[in-house]
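Quick notes on the structure that follows.
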Amino acid sequence: ASFTVSLRAVDNITVTIKPRPGVSPSCQIWVKTVIRFELKIKPGENVTFTFSCSTPEKYFIMEIQKNIDCVLGPCPFGEVHLYPPGLPRLNRTFIWDVKASTKAGLELKFSTPWLRQIEPGETCPDFISYNINSRIDTATVNIGTFCRNGSVSRVKLLGGVVMSLHLPWDSPLTTSGFNIANRASIKRLCIIESILKGESSITLMSPNYPLGFPEDELMTWQFVVPSNMRASVFFHNYSLSNCERKEERVEYYIPGSPSNPEVFKLSDSQPANIAGSFNLSLQGCDQDAQNPGVLRLLFQVIVQHPQVDENVTHLVDLSKERNMTVTIHFEGWPGRTPRMSDPMCLICKDPRSCDRVLTLASGAIYKISFLCKDLSRLRITAEKGISCVDPRWCQRKIYSLSVPKAITQLPIRLHMFIWKLSAPDLLNVEITSPSLKLQQHVPEQRCNTSYSYSIISATPVAELNVGVFCPGGAIEKIQMRNNITISLKTFGKGFLNESNHQDLKMSFVPHIKDECTFTVSPGPKAKLYLQTPNGPYGLPPYVSISWYISVPSKQVARLGFSKDRMGIACETGRAYVNIKEEAPGAEETVRREDELLPGPRNMYHDFWVNVSNCKPVDKKQLILQFWVNFTDKQIDLGVILAVVAGAGVLLAVGLTVCCVKKKKKKSQNPMVGVYNTNVNTRVPGKQGLFPKGRKNNESHVYAVIDDAMVYGHLLKESNGLVAPEVDVYRPFDGPTGSLPPSPPPFSFRKDIKRCSNTEEPPPVTDTDHDTYTFAHQKSDQSEDSGDKNEKNSGDKNEKNNGDMSMSLLENKEEEGLAE
């Protein structure tokens, strides 16, 4: 098809058809027999042309520019038409360049549904957009880009105007949608009028956004709001320039205000809950020529009905609190920025000072109100700091880690309460929960309460995530080094009812040995799952963790590990698991990272579990979990029979001795006994029992050689990087009930050689007097399969010793009968 464009000279219109940017020129323009890739039709020309393709909209765009001079000639007030007709269906831009005097500004009035300002780069839904520029002398200022269907009804500009309308090739629009209303001196860059009807939200930007507001300029937004509605202003994005003179600010003119204009900094909370219409002006400053900076502003105006409870105030008394802040915010803060379409929830410190986020500081009393239809969208996050200045006074004080009633009584859900605990160098932090106790959240034992505690131990270099805990478990006490952060997080609405029963306490205690120590006091017949901290990332290198687990009376604790090995390989040092039962003569079980972990075993007394990490070869860290199951003690029938048999033997011996004494009384007169300290009262043994003497027999040699008794010369082959502090690994022998078992030093690099029953035991040096010591093994304790040979040897030795004792007793009875 051919097109004919006829332009009158009086209209001062130019039509330009040019290639679409970024598209290869696969289509041409034919003007008679001439091929062109661009066509420009000037005022007064009449041109007929065709395209060499059937879809020219893919390859060409069109600009229609009309120049209007309102300085030298009459200004064409009224509706602006789309002219000329009969243009080809291409993506087209209509441009109206209107020249005007700076003493007489121009007013553009838009037809309904008015305009909506958009950010640079944003696209209108129907691809129809308006761009408004103000021209003062040779300078051009971009007032903004707008889509249809908005609230902007009029724009007044100082000086000339360059108005652009972008239409897609298939747009059915036949009118420009605006008219030039009149000329009026406004003495500022521009005035934008916005009419808001009903509940709505609009976003506006300063001219030249985001490049920068012109230096020392002034502009105004006029907001027309129904008298029965309330408007609130929120600054979402702004920056300031470097001022040499004056100060950048915003000014509000609010009808009925006693202090018009009300002046605010851009960093202030802007007025809210404004009744009726108001004006907002932005004032620039004289900028530094060397470093001008950028003044820009993007803000939101929200209009809503007055809330039913806007006059209801809530008292928040923080006058007795110290080092605490309370923040009331919308759901998802601070990670999520609220969308413009989200229902508005405002928190007000006074009727005119409202915001989406409000922070209250301790030491004051606040009266707050809410402009929100649904308070369930609001949350509270609080933070409190506790530090120790005087260690002598701190150690005598117990701090309560509970949420203050000033927070729980608000009709808003508590999202998180954070305690930041700072201990001095010589002190550590102890967390206790005497009545509720704590349960560690692990996959096998998940928390299902309305709140939980997340505990993190932090240093300036690294941090240790101790774990997540909830009330209702068996952990009574946690001692930690470094600074501690405890975060209480709520789930659901149940916390309001359970908040009255909080019993978490904190105190400063003397320096502890391990990074973290747990004290576990379970109830009867409980089953616990405990795990090393910092899951799922693993225990950091060279960190030691201990658990002290009390076993209730008449109960037996069965201890087991969730896997067979630690699952790591050490680059430096060794990783150890130590188990030590608090009972006289109890053995300490030690396993390294290259050994199998102990199998399930019964513990009849309070015991320690200590886990010490090395520096692993790869990034895989140590994660270890164990369980403890508590059951009632079972009485062994064999023990009862042995006790009864022993009682019978003792009764028989007693009757025999009694008969002998009665016989002696009848045959002899009673004698008077005198105590003589110089007489040796020891019963002489028969020479036939030990004819070789102590040095020549092996009665004093131990039948069982414990790993811990191996002499240090067996470790000389060690190739560790650090020399061991002692020449042999020794078992834990410190005071029971207060300290965990000492982990082996990290300097040990090779396996400690173990003595078996086939090796010659090391000689035992003689002493001044002949006393015999036998290491008896408890019959009710489980033993490893690797120690069966040693146990059999010990049992055999005990039997021989028992035979010797019975021989001595028989000899003594024979001497008594002979007398």
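A Cβ is built for glycine as well, from the same backbone N, Cα and C atoms used for every other residue.
Automatic prediction, not curation, is the source of TrEMBL annotations.
Residues or ranges marked as compositional bias 'Basic and acidic residues' in TrEMBL: 748-757, 766-801, 810-819. Here TrEMBL flags 3-70 as domain 'CDCP1 first CUB'. Annotation comment: TrEMBL describes 79-182, 414-500 as domain 'CDCP1 second and fifth CUB'. Here TrEMBL flags 188-293, 514-627 as domain 'CDCP1 third and sixth CUB'. If you look up TrEMBL, you'll see 315-403 marked as domain 'CDCP1 fourth CUB'. The annotation region 'Disordered' is assigned in TrEMBL to 733-819. Under the heading transmembrane segment, TrEMBL lists 637-660.
Taking H, G and I as helix, E and B as strand and the rest as coil, DSSP gives the domain 'CDCP1 fourth CUB' (315-403) the counts 7 helix, 43 strand, 39 coil. Taking every listed stretch (3-70, 79-182, 414-500, 514-627) in turn, the largest tally of C-beta pairs under 8 A with the domain 'CDCP1 third and sixth CUB' (188-293) is reached by 79-182.
According to DSSP, the domain 'CDCP1 second and fifth CUB' (79-182) comprises 0 helix, 62 strand, 42 coil. Between the domain 'CDCP1 first CUB' (3-70) and the listed ranges 79-182, 414-500, 514-627, the one holding the most Cβ pairs under 8 Å is 79-182.
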